[in-house]
Amino acid sequence: MRVRHPPCSRRLLAICALVSLATAALLGHILLHDFLLVPRELSGSSPVLEETHPAHQQGASRPGPRDAQAHLGRPRAVPTQCDVPPNSRFDCAPDKAITREQCDARGCCYIPAKQGLRGAQMGQPWCFFPPSYPSYKLENLSSSEMGYTATLTRTTPTFFPKDILTLRLDVMMETENRLHFTIKDPANRRYEVPLETPRVHSRAPSPLYSVEFSEEPFGVIVRRQLDGRVLLNTTVAPLFFADQFLQLSTSLPSQYITGLAEHLSPLMLSTSWTRVTLWNRDLAPTPGANLYGSHPFYLALEDGGSAHGVFLLNSNAMDVVLQPSPALSWRSTGGILDVYIFLGPEPKSVVRQYLDVVGYPFMPPYWGLGFHLCRWGYSSTAITSQVVENMTRAHFPLDVQWNDLDYMDARRDFTFNKDGFRDFPAMVRELHQGGRRYMMIVDPAISSSGPAGSYRPYDEGLRRGVFITNETSQPLIGKVWPGSTAFPDFTNPAALAWWEDMVAEFHDQVPFDGMWIDMNEPSNFIRGSEDGCPDNELENPPYVPGVVGGTLQAATICASSHQFLSTHYNLHNLYGLTEAIASHRALVKARGTRPFVISRSTFAGHGRYAGHWTGDVWSSWEQLASSVPEILQFNLLGVPLVGADVCGFLGNTSEELCVRWTQLGAFYPFMRNHNGLLNLPQEPYSFSEPAQQAMRKALTLRYALLPHLYTLFHQAHVAGETVARPLFLEFPKDSSTWTVDHQLLWGEALLITPVLQAGKAEVTGYFPLGIWYDLQTVPIEALGSLPPPPAAPREPAIHSEGQWVTLPAPLDTINVHLRAGYIIPLQGPGLTTTESRQQPMALAVALTKGGEARGELFWDDGESLEVLERGAYTQVLFLARNNTIVNELVHVTSEGAGLQLQKVTVLGVATTPQQVLSNGVPVSNFTYSPDTKVLDIPVSLLMAEQFLISWS
């Protein structure tokens with residue numbers, strides 16, 4: 001730990017010079033401090049998501065009393081202090097457009113930027129902080145059991161009301177790779193996010209980081225011990241801590257930043273004056289807009305392939321501003337500053353360390369990984385059942401049938417209409433008899449318009465006091481699908497019990513299997529409430545982030561409404577998460593098996609309880625392509641069960657688009673085709689025979705790969721791994737992978753290169769160093785009950801030095817490659833996972849040049865709770881070496897004991913084998929292709945018993 005003292009003033013320059021001659025080390029600190037105030041500039045950036053508001057605008061208002069009063073006696077910035085490189089200027093007018101006079105009154109520099117207006121927004125700020133702008137001072141720094149504590153004091157108020165002039169800093173060195181610090185008001189308790197996080201009681205003995213402090217202006221500098229690289233430097237701009245405006249800025253080690261979801265953007269965010277707003281909102285995915293979820297975590301790549309992450313545990317409305325220096329500023333409207341830094345150093349380690357804090361993903365039931373089908377407009381059980389029958393007749397796998405609002409009585413939760421859905425329970429039981437499952441939409445808003453005694457969920461909720469209330473302590477009433485509605489407060493323990501009861505009572509009528517929780521930002525068709533919102537500081541804060549609609553009440557409920565734990569102002573971004581937790585627990589209680597919840601609104605830690613779909617996407621090629629970075633993004637955030645609506649939800653799809661989307665969707669961790677109310681049909685059987693054949697081929701491939709996908713989810717659940725992952729996660733030292741976001745990996749082994757443009761019969765993808773085998777050379781369909789597609793000639797392997805490769809991609813093909821060095825389990829595909837799980841299995845073995853490969857299979861009954869705690873699972877490792885394949889039985893029980901291994905396909909066998917043995921018994925009917933270097937070995941073995949297969 002080092003403390004950096006402030007640079008000398010001009011008045012003391014001569015004295016400081018003499019002191020510096022005697023204290024060279026101190027001068028070194030000063031010079032380094034001054035250098036870090038202006039981070040080095042890096043050129044190049046990706047397109048802008050959304051730019052910050054201009055600091056100058058014609059017709060801006062004159063300085064108001066707040067500005068004048070706040071800055072009495074403050075010296076103005078002098079020209080030499082304003083000589084700051086444009087890309088390193090931090091905005092002194094984040095709250096509004098201001099004039100030169102207003103900027104001067106704030107003690108800031110005013111230099112109009114050269115670029116002109118872009119609509120209503122601009123790039124670099126015109127009004128910006130000088131390096132001498134007053135900030136907090138570090139005092140009383142001392143060691144603690146966990147790290148350090150200190151007091152931060154400010155003598156000059158800012159231009160925001162209710163500055164907190166004295167703060168407490170706590171720095172906790174929690175683990176070797178995790179640093180945690182908080183900045184709080186020591187005199188008054190402020191809202192903190194009620195997220196369960198690890199509790200550590202002693203400091204890490206050998207951290208991978210060092211911590212330094214700047215005394216005045218206060219700042220925290222975090223370095224990587226290995227190379228001294230600065231990962232966090234908060235001295236680049238003043239710290240703000242007012243009641244409703246908190247700002248913390250830091251330099252960034254590179255421009256390669258990902259995270260800060262949920263937004264429609266490339267995987268790597270632009271650092272070209274990009275504003276990212278976090279305030280959950282019901283809005284069809286639109287560039288530059290705040291969407292359904294808020295995840296204040298970013299992962300930054302560094303030169304050489306190391307990475308680190310930063311998590312601000314804060315649920316208030318906020319902006320995050322990225323600028324080209326590169327640097328980042330957090331701007332929150334409340335709470336505290338609760339910051340975690342994750343040292344990695346590998347990107348996948350950063351993800352795991354983040355999940356150590358927010359929670360590892362839940363383990364989904366096996367059936368949840370099958371194909372799901374839904375549309376708004378299945379208006380009766382007869383129509384819904386006919387869809388299932390059509391899928392079966394056309395030989396399309398289908399595991400889960402869904403219904404949208406159509407099933408409800410007057411669009412009210414926990415009801416079904418007695419017209420089109422009078423035999424609703426019987427339909428669900430019939431699905432179960434066919435080995436399928438059923439899910440339906442459940443919105444959080446509860447109808448409040450009926451007479452007393454007419455609607456039990458509202459009557460009972462009112463009796464138990466479970467609803468969010470207004471300033472008169474009455475339930476806040478908004479409008480959603482059923483009309484006037486109240487909103488459950490899922491932070492209230494009474495609401496959790498009430499929700500469990502409502503779910504259980506409805507499940508007693510209709511034995512559904514999972515819950516689709518929608519509209520839970522929460523969405524509201526009117527602004528605030530039927531009675532409007534109060535005129536107070538929560539509804540009209542001094543700083544409003546760049547939310548669509550311009551106010552915090554837009555498309556949701558009043559910010560000042562009351563919940564059990566705090567105001568909605570503080571808890572809004574947690575609404576979807578708290579409903580997901582309630583629904584997760586309610587399903588466990590009602591069904592006694594593993595819950596399956598898909599939610600639209602999310603927050604950090606969501607993956608511990610539920611999955612996510614990316615909302616109301618358009619049926620367009622642009623949104624097909626943008627779904628790839630979004631799926632990757634949510635995996636990095638610990639929400640691996642994620643997918644976009646296959647073929648799109650808004651607008652009509654086309655046959656080609658739907659084929660390509662089905663091919664990509666076959667590699668979403670969560671795959672659902674969902675259609676809007678008035679659109680043309682987009683069920684797979686609705687298209688031409690060639691299109692159906694292409695879709696069937698993609699679905700068949702997914703079902704064959706389900707044992708591997710399930711194993712990946714197990715690894716995510718127990719070890720914080722990702723399921724779908726960006727290439728840079730596996731190949732961080734190859735900088736060519738860093739911006740690849742139109743391909744994805746499943747785990748370490750499978751590389752998927754989809755076609756994302758219209759009219760294309762080939763596709764170009766990046767292949768990192770290694771051998772990549774075409775998965776289509778592995779025969780899988782013969783294992784199952786579905787008809788095999790016609791074979792097509794393929795290039796069996798790509799030997800890459802790290803290069804872009806153009807691949808043939810006719811309409812019936814999605815390119816999937818198996819990485820050398822890996823073994824994946826396969827299973828015969830059926831029309832349901834119930835059927836597939838009874839089919840024989842196979843192994844695809846992809847050898848390296850040295851003839852080695854490894855893999856894993858995790859297997860259980862697919863839906864029981866606590867299988868790990870009870871030991872009710874089978875786990876098998878596979879190893880290939882020296883022309884031999886063996887399995888290692890890590891854990892074996894009756895679950896998996898009957899899994900039959902019927903075929904082993906070895907890729908990359910260099911020479912023709914003369915003999916193949918299975919447990920010492922010759923295999924006479926093996927086949928080998930000298931052209932493709934593929935060895936197919938028919939066997940009759942059990943996965944859960946030791947075996948040895950060899951060739952020579």
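Every residue, even glycine, has its Cβ placed from backbone N, Cα and C.
Within Arg393, Arg600, Arg608, Arg660, the residue that Swiss-Prot lists together with Asp404, Asp616, His674 for binding substrate is Arg600. Cross-referencing Cys82, Cys103 with Swiss-Prot gives Cys103 as the cysteine bonded to Cys127, criterion being a recorded disulfide. For Cys533, the disulfide partner named by Swiss-Prot among Cys558, Cys647 is Cys558.
Same-chain residues with CB within 8 A of the center of the Asp404, Arg600, Asp616, His674 CB atoms, the substrate site residues themselves not counted, are Cys374, Trp376, Ile441, Trp516, Asp518, Trp613, Gly615, Asp645, Phe649. With DSSP classes pooled into helix, strand and coil, the tally for the domain 'P-type' (80-131) is 12 helix, 7 strand, 33 coil. Of Cys108, Asn140, Cys533, Cys558, Asn925, all annotated as recorded positions, the residue with the shortest Cα distance to Asp404 (substrate binding site) is Cys558. Per-site Cβ counts within 10 Å over the recorded positions Asp404, Asp518, Glu521, Asp616 peak at Glu521. On the backbone, the CA of Cys109 (disulfide bond) and the CA of Glu521 (active site) stand 39 Å apart. Note on the glycosylation sites Asn140, Asn925: the fewest other CB atoms within 10 A surround the CB of Asn925.
Cβ neighbours of Arg600 (substrate binding site) (same chain, under 8 Å, six or more residues apart in sequence): Asp282, Tyr292, Ile517, Asp518, Met519, Asn520, Glu521, Gly576, His612, Trp613, Gly615. Summary: among the disulfide-bonded residues (Cys82, Cys109), the fewest other C-beta atoms within 10 A of the C-beta are counted at Cys82. DSSP classifies Asn390 (N-linked glycosylation site) as helix under the three-state reduction. Between the CA atoms of Cys127 (disulfide bond) and Cys92 (disulfide bond) there is a gap of 5 Å.
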